[in-house]
Every structure is written in structure tokens, then in C-alpha cells.
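Here the structure comes first, spelled out in C-alpha cells, and everything after it is commentary.
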Number of protein chains: 2
Amino acid sequence: MTEYKIALVGFGGVNRGLAQLIATSNARWQATLGFSLKIVGVTDLFLGSVVDRDGLDAAALAALPAEKGALAQIAGGTAEAFNETVIKQSGADIIAEATFTNPVDGEPAATFCRWALESGIHVVTTNKGPIALHGAELKALARQHNVAFEYEGAVMSGTPVIRLAKQALAGSQIQGFEGILNGTSNYVLTRMKAGMAFADAVAEAQQLGYAEADPTADVEGYDVRLKVVILANELLDARLTVSDVTCSGISGISAADIVKAQATGQCWKLIGAASKAADGSVAASVEARLLPLEHPLAGINGAVNAVSFNTGLLGAVTVSGPGAGRIETAYALLSDIIALHTTDRR
Amino acid sequence: MTEYKIALVGFGGVNRGLAQLIATSNARWQATLGFSLKIVGVTDLFLGSVVDRDGLDAAALAALPAEKGALAQIAGGTAEAFNETVIKQSGADIIAEATFTNPVDGEPAATFCRWALESGIHVVTTNKGPIALHGAELKALARQHNVAFEYEGAVMSGTPVIRLAKQALAGSQIQGFEGILNGTSNYVLTRMKAGMAFADAVAEAQQLGYAEADPTADVEGYDVRLKVVILANELLDARLTVSDVTCSGISGISAADIVKAQATGQCWKLIGAASKAADGSVAASVEARLLPLEHPLAGINGAVNAVSFNTGLLGAVTVSGPGAGRIETAYALLSDIIALHTTDRR
């Protein structure tokens, strides 16, 4: 039985969810997965930081109030976020990086990942920024130091996409993919199909907690674009940057467009897609597309996400599931740890 | 680079498809998967058998006419099916078993699997019979001899279900599943929704090659029942036998039922399902169910198959794709070989 020491970097919903899972499930993981997790450090720009090499109480961490400097309430804790200390000096085997996504330069998450990988520490993350903007560099760093760099949760939270494609569909000749990769925009389109106006549907998505106060990144496709970059580079061996992906959103779609689509047996979806040409070049886009009702993504409604892989040997294989959520995304970190646990690094 | 010697047992569409893939893709597999395959034997009750430890020509095998005794046309071949010789004496590292499914006792496929496993030879198969009826025994035999026994293709041809659940969804707390696991019956229901009568839809499915001359096993749920047994035992640690699964089909559904369902925003699907209760007991069934249109399986139309896993941490995660097809099912054998190649048996 292995016990991994883990440090949590960023202590918002996702890493709190992981602390909660550790508090409730460690004993079962020992029996079923062959490992358990011991939290040896936590750091968060708002909450502060704490290190304890003997292990912190996961349940107490999960119950911590969301108040500025709250980690000072834990024995040995402080209201300051000593990120570098927690990452490099806590004795962690694994860093769970779940800070905010910075779509411009991926910082400070990318630096947090670099610190860990250079120190020979595994990194699991749900953060799109470092992968979409610095993926090749960070993967090379992980290889160089023979540690894991896993990020299943960066695309569809806990719904498996990257490992599904790379492991379960290995050898199937993936030539491209189409995805519904943003729950907010899909929820808005679903509600518009039921007769709601765009602005009202956005407001409802905000009330339900799907959409941010500023929904621009969701409805204009910027969030999907980062995910398309990640998937295209991962599954199609592309080397795309964000500017290589043409991008438009759903804000231009009117109630009349929706009605017209339904009348012709079609539906509008915000699709992030990429495909590989015979010469190896990869074209990628984010745009609202009219799908025929028999398309594998046409029936994906509400906040659900989905990716349909276009494979040479199987045709379309589609996976759908949650694309967000606290526990759902925390599970992605667990699935990354399962993957690193079962990988032979000798 | 590894070269696996493989013997093909049963040389219908699936193993012919594998021979075709080997003929066209071996060089790429060497580069991308780290192994290649050399066919050292073929046996088929109708076509005869052949052994050549130096390797048979995969393209010539794939092009063999479907005539009784045709393997005698290959150098060293004979019109008799020397199954035991091909399995035990061809020097094969792997047996690809793709004979017909016998839903009563799983024979002769189960014996073919036993011969191989007892001889320390890996088995990959797409045959539901041995798994549904003798799965526990054969898995124990494989463990005892430290060889692989893989059967991803027994449920949804090449669409990953077993490995998706056991690997990519490990730790997600799978509590049950619902599946559309028979393409013929789903095609019939889809056509009935478009106004066709049951008998006409079955006839069309037969014309298209989806349905057998005797469609009973498809439309009465017997085919799905075998798959439910396999999935429940594999994913829910059940020990079900076929008689533990209540089973009914779609032949009792009338055009009026279909119309009534549509009027209430629902649709009929033939669902194979199992779920685990808090006490660990597993209940399983095959039956036509009325699904609300927002159900993850409601939009699965035509001959497509799908399984929706009910997980504790992610809610519903659904995979859909082909459930049959020559090359699609041959890919399942390839995916099994990839799995055994990447498993550390030390």
C-alpha cells in the first residue's frame, strides 16, 4: 500500500472537493485503488497557507470558512500564501494545482507547475491555462524529471476525454473531434430552443451558477477555444496556439434562428472542433453550427458536455457527462492520481 | 519492439477484419504501439485450418474466398479444422477467438479459451458466450497462468465500455448502468418512431444486414441479456448468471404505443440495466422502457449502441458508438492486444 503526500495549491471548490473526498474515502481507496492520500500542505492566495509533514486533517480543511486568511486558523497556518514553500518544502510527492485559469499567460499556475516538476514532484491539475499555453514545455519538463503531469480535468472536469482517447481508443486512428465543451453556452442554447430569449437564458444560467458574472468567455467561445487547443495538441499531435483556432460564439444567434433550425430538423450547438488533414496539418475552430438531429451531439442538452471522436476504424465514438462541478472536477484529480499510480516509471 | 505471434480461431468477418488490419497497419503499429502481429495459425470449422510458424500472409488470408475448406488453398493448409493443434501447437503467444456465440453453453469457444489459457497463451475474444457463461472460471484460469484474458469486444464491438469503466472511470463509484446494447432492436424502434410497422422495420433491418434471418435473439432481448451479465459481473462485482436477469423485448410494442410516447415527450428504448443496492446485491433486467427525452440514452438512434454509467461522483457518464461491424469488432481485438501489451505481468 502506497501513501502519497499531496499539497493542494489553490483552495477553491475543486481542491476543497478533493479534501472532502480524502476525508470520506481514503480507507476505501486503500482497499480498492492501492493507495491513500495525506495532505501535507495547502496554499491559496486568498486563504493563506499551511504545511504539516505529519498530515493535515482533511475534514477540517474541507470545512474551512471561505474567509480571507482562514488557513491561519489551522495549527501552524498563516494568512500569507507561501506558494513556493508549500510546493517545494512540504515533502509532497504530488501537487494538486487548481488555481484560477488565466487565459492570457497561464500564470501563476504555470510557474507553480514548473516549480513542482523541476523539484521531481508529480503534478495533477484541472487548470486549462498551463496546458493550453505551456503544455509542450511542461510535458517536456515532466519527462525530463520522470514525474507525472496529468490534466484530465482541464477539458470536461471528471468526464474522461484525454485518457479515453489515448488509452481506451489507442490505435483507433483518431482523425478529429467535435465537442460541446462549455456547459453555460449549451444550457443557453437549450433554453432558447424552449422559447427563451438569449439574455434571459444567460441570466438563468447565472442564477443556477453555471455562468460567471461576466459570461463573455462562455458565450463567445474563448473557454472552448482553450479546450480545443488542449485536445488538438494531445490527440492529434498538433502544436496549436490559441491564435490558430478561429473562434466565434453564440451571442449572434437569435430566437428566429433557433425556430428556423427546428423547422428544418436541425439544432444549433457551439462546437469546438479540430481535424487532421492527410498532410498532417490540423485545422481547429470554435463556432455555432447547425447540426442535423441524428448527429451524435444534437441530443446533448442542458449543461452536459460531450466530445465525439472521429476515428478511422470505429467512425464516431462519443462520450458525454458533466463538464463542471466541485466534486466532479475533484474526481478528475483523483483519476490523474490513479493514472500516475498505475504507471511504471522504472 | 515486440512481435506477437497470433492464431486466429474462427475466421468469419471479425478475424478476417483483423487479418486485413494486420496486412495494412502492422508497420504503423510498430511505430505507434510498439508491437506488430504475425499470424501463425488460422482455424475455422467451415474453412479448415493452417499453421505456419514463420508467419502467414495476412493479405492473402483476408482475401480468402468464403468457401468450405478454403484454407486448403493456402500452402500447408487443410480443409479440416484442427482447432486444438492450431491453439496449442502453432507457437502462438495470443489466440484471437471469434467463433460464433453459443448462448446455451458457450461451446466450443469456452473450450478453445481453456486450451489456450492452460497452455499459457493470452486470449482476446469478441465472443459473449464464454464470458457470460464461464467468465469467472476463465478469468481465474488466466490469473493462474499469468496471461491476459481480454474481451472488450463482447459488449459493444470496438466502442470501449469495459476498459472505459474499469480504467478511465476507476474510483468514480459506478453504482449501475443502463445500456442500448442491441443495434437491431434500436434500429427497429427508431424506424417505428418514423411511422413504420414492427414487422416492416425488422425486415428492413434484415435487408441492411443488422438483423439475423431469425431476429428473435435481437428483438426479445436475449442478446442484450448476455451483455448485461458480462457488464454487471465486470463492473459491479456481481456473480449473475443468465437466469438472474429478467428479460423481455420489443415485440409487444405497437405503433400506437410509439405514437402515445411521442405525444407525452418520451420514447421507447430496449434497455439492459443493472444496479447495485446498498447491501451489495445486484438487480439486472432487460426490458423496453419509456425514457424522457432528456435521458442520456433517448437521443441514441439507429443501430448505434450506448451505455450510461451511473456513478457516485460524476452522475451519468455515457459512451456511444458502433455496437457491431467487421472492422469495428476487429478493432476490439486490437484494443485487447494493446491492453495486454501495456500490462506489466512481472
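Note that Cβ sites are derived from N, Cα and C of the backbone, with glycine treated the same way.
Summarising the annotation, TrEMBL assigns NADPH binding site to A:LYS128. Within 10 Å of the C-beta of A:LYS128 (NADPH binding site) there are 23 other C-beta atoms, taking all protein chains into account.
Summarising the annotation, TrEMBL assigns domain 'Homoserine dehydrogenase catalytic' to A:160-338.
The L-homoserine binding site annotation in TrEMBL covers A:GLU212. The Cβ of A:GLU212 (L-homoserine binding site) has 13 other Cβ atoms within 10 Å, all protein chains considered. In the three-state DSSP scheme, A:GLU212 (L-homoserine binding site) is classed as coil.
In the three-state DSSP scheme, A:LYS227 (active site, proton donor) is classed as helix. Positions annotated as active site, proton donor by TrEMBL: A:LYS227.
Under DSSP, A:LYS128 (NADPH binding site) is assigned to a helix (H, G or I) in the three-state scheme. You'll find the Cα of A:LYS128 (NADPH binding site) roughly 7 Å from the Cα of A:LYS227 (active site, proton donor). Taking all protein chains in view, 25 other C-beta atoms sit within 10 angstroms of the C-beta of A:LYS227 (active site, proton donor). The two recorded residues, A:GLU212 (L-homoserine binding site) and A:LYS227 (active site, proton donor), show a Cα separation of 18 Å.
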